[in-house]
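Enquirer: Per TrEMBL, transmembrane segment is recorded for B:21-46, B:171-196, B:217-246, B:272-295. The domain 'FtsX extracellular' feature in TrEMBL is assigned to B:59-155. As annotated by TrEMBL, domain 'ABC3 transporter permease C-terminal' applies to B:178-298.
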Amino acid sequence: MIKLENVSKEYMTGMPALNNVSLHVRKGEFVFVVGNSGSGKSTLVKLLLKELEPTEGEVIIDNVHLKRLTHRQIPKFRRNIGVVFQDFRLLKDRNVYENIAFAQRVIETPTRYIKRDVPAMLSMVGLAEKYKSFPRQLSGGEQQRVALARALVNKPKILLADEPTGNLDPKNSWEIMKLLEEINQQGTTVLVVTHNREIVNAMKKRVITMRKGVIVSDEKQGGYYDED
Amino acid sequence: MRISTIYYCLKQGIKNIFRNKMFSLASIATMSACIFLFGIFFAVVVNFKHIVKEAQTGVAVTAFFDEGIKEDKINQIIELVKKRAEVDHVNYVSAEDAWKKFQEDYFKNAKELVKGFQNDNPLKDSANLEIYLNDISMQKDLVTFLQSIDGIRQINKSESTAETLSNFNVLIGYISAAIILILLAVSVFLIGNTVTIGISVRKEEIGIMKLIGSTDFFVRAPFIVEGIIIGLLGSIFPLFILYFIYNEAIQYIMQRFNILVKLLQFLPAEKVFSTLIPTALILGVGIGFISSFTVTRKHLKV
């Protein structure tokens, strides 16, 4: 489902953010990508979303070679990937319902389907009663659940979560992780970039550890260990 | 594209105006100020041109016919002259008319003097054609043409008046073109800047839209709707104000400077606004569209 072949990314000459990284994530897998700041985790997410172009190597997602995508083809490609960020990135001037519906508007889903799907997603993330609230009226955990509902409403094949618990307390962090696990059990490939040692160690999933732009370990039921 | 998408983009564009009230107000105010200035300048220029034109049409070239010329020949010449593009209208003065007018002008208080000329017309060879031009700069061409016609013995003209008015007209043309260009450039710059600030604030929003799979069109359409509406409102308001003050201003000038009444022939509001309304609306909508289109393009490369 996700394939990186000898991928490097340099923002400045001689300082690679990613250095010759190869990676293969199969369909339906749940993968943690861990590592300290500057290890290249965020660059990896940006490459998967085609926000950035690799300096070298090839990124292939669902058999699509990202290098070959034209600017016009990018939106359609991104619709197969749900994405959740640490800072939620909700549209601040739209309420919960409109934020989730927006992801469907973008792909021109008929209104009758939007009216069916959005409440279903809101129920799934436990926010059915807050559909009229604006992001500023919600807690961090609730905002992240809205972001998750938005990422999932179009039933993407892949879900990318970039530090999804970075701004949340432990209780909310666990709730978000449980939701991600549920989504994965329904068949979505999930890739979570995180710092959260406790969660990674408890969930016993595949863990890819990065350091200075290189994958230093890739364990099937791994943990998040100290760097030294 | 689905109708619901078009409807959605329209709705979002309108909502955006209310969501960003301060920005919308600033843009509308900037646009209004520019269109207002443009409108004032436009009204002044068209009136000025009108006044000069009025002065031009008062200047005539007089062509005197040969002595003993036949009526048929005169009619033939009149038809030929009327066909010329630079001719606005002509006025044929027969020998009898000329004599009658002379009598009215000079023997009004001494009618007994006319009796001495009974059955005699001292102006019998003064049949002439007054030719009024629609473009005074073409006077030379007309005179050359008249000189080539058989049956015309003399042509009276005022070269200096024609030249002055013609030069004046050209000067007004240049000045108005220059000022309109400067005003347009200032408007595009000011409005473009305001729109840029408004859209830059929403850079993050555009980024989010792009990351969840929005096409450029879908991101851009509400901004363009917003730009067009702001442009439309920004041109409608000053038009209303201009329409209201135009008549008032003319009335005031005519009352205050009534000595100029004969000289200054102002255009009626309807005539000025029949051109100003579509021009201002096209300008407003056009600037709104172009600014939002170009500014969003910068942020779409996500």
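Glycine is no exception: its Cβ is also placed from the backbone N, Cα and C atoms.
Unlike curated entries, TrEMBL annotations are predicted automatically.
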Enquirer: Can you tell me which recorded stretch out of B:171-196, B:217-246, B:272-295 has the most Cβ pairs within less than 8 Å of the transmembrane segment (B:21-46)?
Expert: B:217-246
Enquirer: Pull the DSSP breakdown for the domain 'FtsX extracellular' (B:59-155) and write it out as helix, strand, coil residue counts.
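Expert: The breakdown for the domain 'FtsX extracellular' (B:59-155) reads 41 helix, 23 strand, 33 coil.
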Enquirer: Under 8 Å between C-beta atoms and at least six residues away from its ends: which parts of the chain pack against the transmembrane segment (B:272-295)?
Expert: 31, 35, 38-39, 42-43, 46-47, 184, 187-188, 191-192, 195-196, 199-200, 220, 223-224, 226-236, 238-239, 242-243, 246
